[in-house]
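Have a look at the structure below before the remarks.
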Amino acid sequence: MTAQPQTLKIRRPDDWHIHLRDDEMLSTVLPYTSEVFARAIVMPNLAQPITTVASAIAYRERILAAVPAGHKFTPLMTCYLTNSLDAKELTTGFEQGVFTAAKLYPANATTNSTHGVSDIPAIYPLFEQMQKIGMPLLIHGEVTDAAVDIFDREARFIDQILEPIRQKFPELKIVFEHITTKDAADYVLAGNRFLGATVTPQHLMFNRNHMLVGGIRPHLFCLPILKRSTHQQALRAAVASGSDRFFLGTDSAPHAKHRKESSCGCAGVFNAPAALPAYASVFEELNALQHLEAFCALNGPRFYGLPVNDDVVELVRTPFLQPEEIPLGNESVIPFLAGQTLNWSVKR
């Protein structure tokens, strides 16, 4: 029997999908990311979405101003695609190094997505330009047709929208974000080097029974929603396979406690404080610790064409207790796994 490792040293990871919000929420949640992760792909779905180079530069400056002293962190900005976005704005931002990627939200698919795209074929000229300049397209992969069951929206998106995009633009780099289904995992595994996917800790650790059986747990509610166990197991198998098409993207999405614990609660899991220990715990359960570094720190940079980080982080087998809540002015934010203990801690 192989002895369990007591320490894990990996290249410093990056988070390829995060919501940092703005103002007081930004300054509250950012340190949990900037302490551990070197870079993060920052989602553009603020209340006023990031659709211009100027707004991206201003948001990046607000993020950098909130990074605590001693943390080395680079926010990678994204452009929010809309029905009327000017292709010139997109290409200028990418060529100037302001935009790392562009984000496609189908209109009304998730938080602050009302400005999203309602007619995806109508923005094919943008995709053509992105393919030409090598700019990645990040996709929230759910259809928004009210007639489609919420648990089926990701699988339907593959057939109706994603496959036609890939057929039309075969060399467009696409990240299928926060995948939640066996359909998506199989689709990415069957793809090529132009298709990647991020996977969150909550979708690896939990399924819809954890959220709904014995009482509703609003702090596990996110979009895309947790699916049945068979889908969870497929995601776990995908990351344990060692395929370089899957990489770390927490989709950490904080909301104030009262906005989660309400009669119509918001979607989003604030997992940044526990993200790396949570991923390590999953990979250990899967006997796949040999693939943890690639998932966290190598596959993402390779897909984006960016250098891997030079420095390392160390995980130690020391119990790590998640706080019950984190102060947010006069309110609070409830973190993922609140009050629970993980086997791994990041060595400070």
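Numbers here mean position along the shown chain, with the first residue as 1.
Glycine residues also receive a Cβ, built from the backbone N, Cα and C atoms like all the rest.
Counting only same-chain residues six or more apart in sequence, the Cβ atoms lying under 8 angstroms from the Cβ of D251 (active site) belong to H17, I18, H19, E177, H178, T198, T200, C222, G268, V269, N271. Summarising the annotation, Swiss-Prot assigns active site to D251 and lists sequence analysis as the type of evidence.
For H17, H19, K103, D251, the entry in Swiss-Prot reads Zn(2+) 1 binding site, with the evidence type experimental evidence.
DSSP assigns N45 (substrate binding site) to coil in the three-state reduction, placing it in neither a helix nor a strand. For H19, L20, R21, N45, H140, L223, H255, A267, the entry in Swiss-Prot reads substrate binding site.
The Zn(2+) 2 binding site annotation in Swiss-Prot covers K103, H140, H178 and is backed by experimental evidence. When Cβ atoms from all protein chains are considered, those within 10 Å of H178 (Zn(2+) 2 binding site) total 26, not counting its own.
The feature N6-carboxylysine is assigned by Swiss-Prot to K103. A 10 Å cutoff on Cβ-Cβ distances gives K103 (Zn(2+) 1 binding site) a total of 26 other Cβ atoms nearby, all chains included.
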How far is it from L223 (substrate binding site) to K103 (Zn(2+) 1 binding site), counting Cα to Cα, in Å?
15
H19 (Zn(2+) 1 binding site) CB neighbourhood, other CB atoms within 10 A:
25
Binding-site residues (L20, L223, A267), the one with most neighbouring Cβ atoms at 10 Å:
L20
Which whole-number value in Å describes the distance between the Cα atoms of K103 (Zn(2+) 1 binding site) and R21 (substrate binding site)?
16
